[in-house]
Amino acid sequence: MTRPPPLLLLSLLLLLRIPGPCSGERSNSALEEIATEKEAEESHRQDSVSLLTFILLLTLTILTIWLFKHRRVRFLHETGLAMIYGLIVGVILRYGIPPTSGHDKPLSCSQEDRAYTTLLVNISGKFFEYTLKGEISPGKIHNVEQNDMLRKVTFDPEVFFNILLPPIIFHAGYSLKKRHFFRNLGSILVYAFLGTAVSCFIIGNLMYGVVKLMKLVGQLSDKFYYTDCLLFGAIISATDPVTVLAIFNELHADVDLYALLFGESVLNDAVAIVLSSSIVAYQPTGGNIHAFDAAAFFKSVGVFLGIFSGSFMMGVVTGVVTALVTKFTKLHCFPLLETALFFLMSWSTFLLAEACGFTGVVSVLFCGITQAHYTYNNLSVESRSRTKQLFEVLHFLAENFIFSYMGLALFTFQKHIFSPIFIIGAFIAVFLGRAAHIYPLSFFLNLGRRHKISWNFQHMLMFSGLRGAMAFALAIRDTATYSHQMMFSTTLLIVFFTVWIIGGGTTPMLSWLNIRVGVDPDQDPPPTNDSFQVLQGEGPDAERRNRTKQESVWIFRLWYSFDHNYLKPILTHSGPPLVTTLPSWCGLIARCLTTPQVYENQEQLRDEDSDFILNDSDLTLTYGDTTITANGSSGSHAAVTSLDGRKTKSSSEEALERDLGTEAPEVMSRGTRLVFPLDA
């Protein structure tokens, strides 16, 4: 007997014989149509009520946030409020609304060995189509499963990934503050990539020991493999310190600490989702699909690198295409169309990556960074304001919606599995994984950093490892098996604890660790005694700029020069004309890619640009009391002043101060500038 095709429309003939003449059959048919219409209206009403519930939750959250800000209450963040309101509504829906029976008696299909996505049922010659909702445990068939309202407020996990996550991730990239991010780029990359991998494997191995303990004491009722433990480690390693970052921003905490925490959380989400995809792709050869296989392991590593790099390229390419469209068209004359195109191109990046088998979170993140760096310069003033505000509002609503749904899901999700041993073990594993993530890596990073990551910074980074929207979205995406249901329930409790307890203790922790607050974003740490530095002026401002540039990652400095000379002039109206940077034989291409705005507003654009150029005459080094210029002459320290006594600076220096606040010697070589830090 051959098996039907994968998408089966299975016909079941139920013998429901209705006696009577044909007129009676027509009457019954009319009654059935009326009943169907009433059921559709009732379903529409329940859909409206469920959506209205979430809108009212968000409205109440916003009003309470205003009250907290007015009263200067900081012990509870807006996300914690949203979760509390979600919990209250979940209790009401679970225990305050009587169950409605919308199910007939169960039918047995013992001949089939698997569930089908679509089911076509033949009832007395009429065909009815049913779709798969998921497996129901026998004990819950006549319990919460009969409550239609609970099913209505339980969203498809794809809603989180395709609708709610894109604006949250894109806003993180679009609102990135480049200066402090790139100044700490090396440390951020180590924390985000290596740290997340370390945390994943430590948590996964510890949880595997917990699972073995549960099996030993008889608390494990189904299969729980080692790969499931690693998947839980990847899911729970996704940090989302939105509460801590909001308090940091409000109190103006130390900018380097903010940059480290924000940068790690932004890239950490991308790494966690790709890491979880790689673990799912782990498929050893042979009979035991959960045994260790070196070939399968390296294949998973390749999948990780392939997915991440492919997603990265797709996000960057989409941003570049948007930049070119906004540059070579006159969309800036129609701000509404310009904003709409920007919005659609940015959102489509996520869906395009998912459709191609990549990760939309990574794509939309780097699309946001690319749009902020290039496309933003081509937008009209009105569109710049609109896009910033649009994604800020979408980010706020989506994030609070997810946290409200977390509170709701604690009571409305119908497949919870709470195991005290697993929950306690997970909390311990998360703590140890975060500690192994922060302290050893900080030690090695301090070996190469000029301004060390101090112990109070490390303790704060350790404390700020909150879990949030990304961990929840990854956990709820697959709840089909016993192990995944237990992982989801545990993840939900960890998110509650970290947001309420750790998020609420941020302000006291800042005070206890003596971390600076009320800091000017442009202020840097106190100067240190260095014998070799760049002399671009006198006073604390010059010292700050000198230190900042020396601390920037050298590979970033190299890319920054290439970007200023070639990429920005090609993709935007900013930067120097290409005819001055490209070789003479590329003159035709340079004139085609350079728009008239570059020539008409060259000085203004140069001032607004965040890039820089240092000429040979600008380069002055000092060692001890000796000053050495680029042409080899030396002399004592002298500040160049104008006739009115003020220090003069080139426009490129001023542009650099605004963006990175950096100045350092560079080696010039026909259009390509190599920039290296002075200290190793």
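Placement of Cβ uses the backbone N, Cα and C atoms for every residue, glycine included.
Feature list (source: TrEMBL):
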{"type": "DOMAIN", "residues": "61-512", "note": "domain 'Cation/H+ exchanger transmembrane'"}
{"type": "REGION", "residues": "526-546", "note": "region 'Disordered'"}
{"type": "REGION", "residues": "633-664", "note": "region 'Disordered'"}
{"type": "SIGNAL", "residues": "1-24", "note": "signal peptide"}
{"type": "TRANSMEM", "residues": "48-68", "note": "transmembrane segment"}
{"type": "TRANSMEM", "residues": "80-97", "note": "transmembrane segment"}
{"type": "TRANSMEM", "residues": "159-176", "note": "transmembrane segment"}
{"type": "TRANSMEM", "residues": "188-210", "note": "transmembrane segment"}
{"type": "TRANSMEM", "residues": "230-248", "note": "transmembrane segment"}
{"type": "TRANSMEM", "residues": "302-326", "note": "transmembrane segment"}
{"type": "TRANSMEM", "residues": "358-377", "note": "transmembrane segment"}
{"type": "TRANSMEM", "residues": "389-411", "note": "transmembrane segment"}
{"type": "TRANSMEM", "residues": "417-436", "note": "transmembrane segment"}
{"type": "TRANSMEM", "residues": "457-476", "note": "transmembrane segment"}
{"type": "TRANSMEM", "residues": "482-503", "note": "transmembrane segment"}
* CB contact flag for the transmembrane segment (188-210) and the transmembrane segment (417-436), at least three pairs under 8 A -> yes
* Sort out for me which stretch, of 48-68, 417-436, 482-503, has the most Cβ pairs below 8 angstroms to the transmembrane segment (80-97). => 48-68
* Asked: With the transmembrane segment (482-503) as the reference, which stretch in 48-68, 159-176, 230-248, 302-326, 389-411 has the largest tally of C-beta pairs below 8 Å?
  -> 230-248
* Asked: Are the transmembrane segment (48-68) and the transmembrane segment (302-326) close, by which I mean at least 3 Cβ pairs under 8 Å that are 6+ residues apart in sequence?
  -> no
* Structure fact -> Under 8 Å Cβ-Cβ from the transmembrane segment (457-476), and at least six residues away from its ends along the same chain, one finds 79, 157, 160-161, 164-165, 168, 191, 234-236, 238-244, 254, 256-257, 260-261, 264, 269, 272-273, 276, 361, 399, 402-403, 406, 409, 430, 434-435, 437-439, 442, 484, 487-488, 491-492, 494-495, 498-499, 502-503, 505-506, 509-510, 513, 515
* Structure fact -> Contact count check, CB pairs under 8 angstroms to the transmembrane segment (358-377), set 159-176, 389-411, 417-436; argmax is 159-176
